[in-house]
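Peer 1: The structure under discussion is supplied below as structure tokens; questions concerning it will follow.
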Amino acid sequence: MPVSQWIGLALLGFAYVFSLVNGSLGLLALPSLIALLCAGLLVSRSPHWQQLSGHALFVLLAFGLALHWLPGFHGAKVIDKVVFSNGAVPFSMYLNLDKPLIGLWLLLACPWVLTMGGKRLLPSLVTTLPAVIAACLGGAWLLGMIAWAPKWPEQAWLWVLNNLLLVSLTEELLFRGYIQGGLQRLLKNQHLALFLAAGLFGLAHLGAGWQWVLLASLAGIGYGLAYRYGGLIAAILCHFGLNLAHFAGFTYPMLIPS
């Protein structure tokens, strides 16, 4: 690996050793960390079957990390059942140590995720973000999931940092940089790669109900277009922009079902 990747790995190791010492990380997380290291080593090897094995192992681990299924990770609850507006479902938020590992692994093991996608950041963002906000929040309104509820609560800046760095960044590295970019390289078909990545992004929200699958798939198409024409940063900012508009302007996370 290049020196920069070794430095990143050392810093990552230091951070997680510190988390282990202060109790945010348990010994049960060690197998997951070792497995991620093995996956990273495999994808850097020359034999094709070893690369495929490394990617397959990472996909399985990413699935478990994203859903918080793997043991040993103890996220700190920083927002506890807060009702941000009338009729809203109570909202809780954790600062999780498991999901960010997905993005960190991709940056270290697959640096090509940063080079895929387009280069027209500002034009891409100006075009896609308003359309994504209108389509997704308009759709959620029509489905009776949200209502107009402008706000900026005391927890807002904590939410902003978490959503930008631990949610939008990680999810776009995975779904756009790795999945859409990887499928684009593999299939040589930009359209198919975009829709497959958007569909998988929608299915990742299946636990919240079919409405969220529909809206997340729609959002995924928008993020995919931002990525295609503006690159990874455009996709991250589009994702965060939609989430911020939802949080600040409408019922968050959603209305209590009637």
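One-based numbering along the chain as shown.
In case you wondered, yes, glycine gets a Cβ from its N, Cα and C as well.
Just so you know, TrEMBL annotations are computer predictions that nobody has curated.
These came from TrEMBL, pasted as-is:
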TRANSMEM  25-43  transmembrane segment
TRANSMEM  55-73  transmembrane segment
TRANSMEM  93-114  transmembrane segment
TRANSMEM  126-150  transmembrane segment
DOMAIN    155-244  domain 'CAAX prenyl protease 2/Lysostaphin resistance protein A-like'
TRANSMEM  156-179  transmembrane segment
TRANSMEM  191-212  transmembrane segment
TRANSMEM  232-255  transmembrane segment
Peer 1: Using a Cβ cut-off under 8 Å, which residues of the same chain at least 6 positions beyond either end of the transmembrane segment (232-255) come close to it?
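Peer 2: Counting only partners 6 or more residues beyond its ends, the transmembrane segment (232-255) has Cβ contacts under 8 Å with 84-85, 87-89, 91, 113-114, 116-118, 121, 124-125, 128-129, 132-133, 136-137, 140-141, 144-152, 156, 159-160, 163-164, 167-169, 171-173, 176-177, 219, 222-224, 226.
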Peer 1: Looking at 55-73, 156-179, 191-212, which one has the highest count of Cβ pairs under 8 angstroms to the transmembrane segment (25-43)?
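Peer 2: Between the stretches 55-73, 156-179, 191-212, 55-73 has the largest tally.
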Peer 1: Reported in the order helix, strand, coil, what are the DSSP residue counts of the domain 'CAAX prenyl protease 2/Lysostaphin resistance protein A-like' (155-244)?
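Peer 2: So the domain 'CAAX prenyl protease 2/Lysostaphin resistance protein A-like' (155-244) is made up of 83 helix, 0 strand, 7 coil.
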Peer 1: Do any residues of this chain, six or more beyond the ends of the transmembrane segment (191-212), have a C-beta under 8 angstroms from a C-beta of it, and if so which?
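Peer 2: Tertiary neighbours of the transmembrane segment (191-212) are 66, 140, 143, 145, 171, 175-176, 179-181, 183-184, 218-221, 223-225, 228.
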Peer 1: Which residues of the chain, 6 or more past the ends of the transmembrane segment (93-114), have a CB below 8 A from one of its CBs?
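Peer 2: Residues packing against the transmembrane segment (93-114) from afar: 1, 5, 8-9, 12, 16, 19, 24-25, 29, 32-33, 36, 39-40, 43-44, 54, 58, 62, 65-66, 68, 70, 73-79, 155, 158-159, 162, 165-167, 169-170, 173-174, 177-178, 181, 232.
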